[in-house]
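Asks: Sharing the feature lines straight out of TrEMBL:
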- Ala65, Gly66, Arg87, Asn184: substrate binding site (BINDING)
- 25-266: domain 'Aspartate/glutamate/uridylate kinase' (DOMAIN)
- Lys30: site 'Transition state stabilizer' (SITE)
- Lys247: site 'Transition state stabilizer' (SITE)
Amino acid sequence: MDNIIFQKAEALTEALPYIQRYKGKIFVIKIGGAILRIPESRKNILHDVAFLNAVGIKTVIVCGAGPAITEEIEKRGKKVKFIEGLRITDADVLEIVVEVLGSVRDEFARDLINEFKTPAFSLKPEDGHLIARKIHWQKGDEVIDLGFVGQVESVNTDVIKETLEKGIVIFAPIGISKDGQKYNINGDSVSSSVAQSLGAEKLIFVSGVKGVMRNLDNSDTLISVLTASQAEGLINEGVIHGGMIPKVKGAIASLKGGVKKVHIISGNIAHSLILEIFTEQGIGTEIILDGESNG
């Protein structure tokens, strides 16, 4: 029993300098939709996010919901279509995307408020925090209309910062154009744009993978620290591929845009956010600019 008590005291002591360093700073955290469907992982993430708020870190949450959206589209008898990771979004699919993401966003906020007594606020697309514009998929001379798929044109930081003064800010990757049209946007891209615009201290991607690994079948190949140029090299070599590419590209863009550090961690590890942020070793992959220290 005494050893356990001393270990807890040591953990708090180790966390202290990090708490002091990050108090008042802004963190942007993108949480993948798949991890939010696992009850135990979701509860641990909620707990960690509440802890960040309690120690004075201003936290922005971007909620994903990819698997739930796909499930709902299929349930309504429609075909699910992607082109290189971009979901083709017609008017019916857009309605589903807005509905599902809105539900996930609001439920996350309610749980923070009700279960963890933590102030949390949902921003809806109509609040105007994400200004979007339509994009097309293009490869060579081939151009495909993706429907209501967009990218961030600008971030209304005033709306986000005003809400951050009251508590945790939560929103989904849906933007609205200047003429009022909603667009489905890649969540990793949204998180990167928001982190840059807010001058965030950290951007953290929470998903079902431990971080960047040289071999996905071997967790021992986890890369703890990567520089931006090393990450670009691993993309070119094909080591980083699939769904990890937009995360790493978003990380590199964020670092070049002024974000101090980017982390990619697994939400399946209990209290992974706390372990990554408030301990010396961390448990995921930290991406930094060339020449920067990972200290």
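Don't overthink the numbers, they just go from 1 along the chain as shown.
Every residue gets a Cβ built from N, Cα and C, even glycine.
Can you tell me where each of these features sits in the structure?
Replies: Around the Cβ of Arg87 (substrate binding site), a 10 Å sphere holds 21 further Cβ atoms from the protein chains shown.
Sequence-distant neighbours of Lys30 (site 'Transition state stabilizer'): residues of the same chain at least 6 apart with a C-beta under 8 Å from its C-beta are Val62, Gly64, Gly187, Asp188, Val190, Ser191, Leu203, Ile204, Phe205, Val206.
Same-chain residues at least 6 positions away in sequence with a Cβ under 8 Å from that of Lys247 (site 'Transition state stabilizer') are, in sequence order, Asp188, Phe205, Ser207, Ile264.
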Asks: Sort out the sequence-distant neighbours of Ala65 (substrate binding site) for me: same chain, 6+ apart, CB within less than 8 Å of its CB, listed by position.
Replies: Gly33, Leu36, Val100, Leu101, Val104, Ala172
Asks: Please report the number of other Cβ atoms within 10 Å of the Cβ of Asn184 (substrate binding site).
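Replies: The answer is 26 other Cβ atoms.
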